[in-house]
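J.: I am attaching a structure below and will ask some questions about it afterwards.
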């Protein structure tokens, strides 16, 4: 015999290749797969094994078949003999011949219901014929479920026989189902109850059931028995949760969930978080320079940095907060230049909270002033050490001892007099005593043991923020802990974004900054508020969600604050008499000036008149500001910003009053005077025209000539002018020359070109706007 493959053998014997392989393995013959060959010896063994298996499988099958049918050839032979013997007897009912068959049927399924044989119509045939007929009937019915009747039933009995067949099959299945259902399934053993569950705020019945390893229906029943009606998705309060858990004997612990959208709480938790002492490193001290106006704060910082910041300020007064970092003896010190006059009280108080050391600058020739006292109170409230810098000791009328004597009244006693306050006499103008002052700062910082963890996500505060036309929202941040990197997802106050670029105080781009370092960043979606906290999160999605949530909450709070008058309290306002109220909209170039001006206006106390600031923002005055002012009958105050041409036209149409200022004292005095007398000023500024700079020409001994195109109104020779760049006033002065072609001109109307030079100003650039104005005297009403 030739070799046979496994799959061929399986196909020939109508079995699967898998079974053939298993049979060969049982015989100890290893084959790889269905393509393997079987030799003759293995084939004989496999045939014997397969034949034996088939015989064993056929034996019970035949036995079952014989039991079910009851008409197999073996058992029917005696019946055939009996029927042949009994068939010779006359008038014997044919139905009696079925008794043995009926007995056999009872072993299987339910017997078929046989009608009595019709003996009257039965033909009296010979015994041989009956025997032959009986044998024929048995042979025909041996394989039928309803067989066994020697008298073949007629056509009327066939449906009945079919019914018996179907009933037999169904009854067998039902019996099998009953046998299976009689064995009840073993219920799963419930899990043990936990010792304690932890929840925050509330839980639904389904959530509580999951924590207790119980079915919700069981909890609903228990709650109902305890007097609480609840559904599976209903939230349970703390009392209901404690009630059901007490019934089960389970302890309950409520987890206090920290609202990450509350940056102040989140900031304090992160700042006070316990860290490994080995990760802490020494950080530079953050120093705030405070004092009375014109006592030399900016000059002191200017001397330290060898810069000329003071020259760029209007009237010699610092209008913006700046942050700078110096390096002395291989150690860094971060300075915050906090403006000193009373208008910046809020900014100074906020600055005191983010700094470590306060330098109180007091002029030796002026002594203690109101802002000096205010700065002392802020520093003491923040619990910061104070170093007194007695400035202007180079002046002949300087009297440092008088300053020291006056400060003792405020618990600032010099070390020379037995106190613990460091006094450092300096001359910021000539640089005298500065090195000693810096040494004192480093000494105090060593005593304070200022440390931070740079190996964490950065947190800190906003020093300043503004809207830049080219870069968008720009914020100056002070990193208080951690390290800030480019690309970090950040939430700053009610704004969010990703840090796109960072510039340090020297104007250089950096990729990361550590603790106590000021840095200017871009990439926020809006301008934050000065003094806002900032936190770096792990992903941008979280930062976006928190920022949007905070912005929406702030908007809702702002709307609710501006709509405090309702039907409930309207009558009370009416009984109080006619309420005089001045609505004010403040627009400034930077956020710090906005807050300072707003804080100053709120302090104005005029009997019968209240100040209500309905809107503050950074940037030029636009049409939306005019629309808001017209709807709320408000006055617009612009600080270092100008209205756009469209906004000015809208203001004239809506009769909206716009007051523009560059020095904050003048704005405060004007508003206070208007509130006291409710009178218009004696002089009113009138804008007569605007011109756009198209080209600039530098001429020696003349300066910069601006080639302009008059876009609105007219430019006159005797008018005052302002140079506006990106909506911000960069210079204010007078026209030196106004020419049309090469001839001098008294005025140039709209639509014409002209050449303009401005007195004492040559930094004119293309796309600047030259605004011409005159002061008109008007009558008091």
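Just so it is clear, glycine is given a Cβ too, placed from its N, Cα and C backbone atoms.
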J.: Need the matching range: Swiss-Prot marks region 'G3' on one of 325-328, 329-332, 333-336, 337-340, and I'd like to know which.
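T.: Of 325-328, 329-332, 333-336, 337-340, Swiss-Prot gives region 'G3' for 337-340.
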J.: Could you check which of 275-282, 283-290, 291-298 is flagged in Swiss-Prot as region 'G1'?
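T.: My reading of Swiss-Prot: the region 'G1' range is 291-298.
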J.: Per Swiss-Prot, which of 379-382, 383-386, 387-390, 391-394 is region 'G4'?
T.: 391-394
J.: Using DSSP, what's the helix, strand and coil tally for the region 'G1' (291-298)?
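T.: Residue counts for the region 'G1' (291-298) by secondary structure: 2 helix, 1 strand, 5 coil.
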J.: Counting across all protein chains present, how many other Cβ atoms fall within 10 Å of the Cβ of residue 294 (GTP binding site)?
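T.: Residue 294 (GTP binding site) is surrounded by 17 other Cβ atoms within 10 Å.
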J.: Could you tell me the mean pLDDT the prediction assigns to the region 'G1' (291-298)?
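T.: Looking only at the region 'G1' (291-298), pLDDT averages out to 77.
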J.: Relative to the Cβ position of residue 393 (GTP binding site), how many further Cβ atoms are located within 10 Å?
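T.: Taking all protein chains shown, residue 393 (GTP binding site) has 19 Cβ neighbours within 10 Å.
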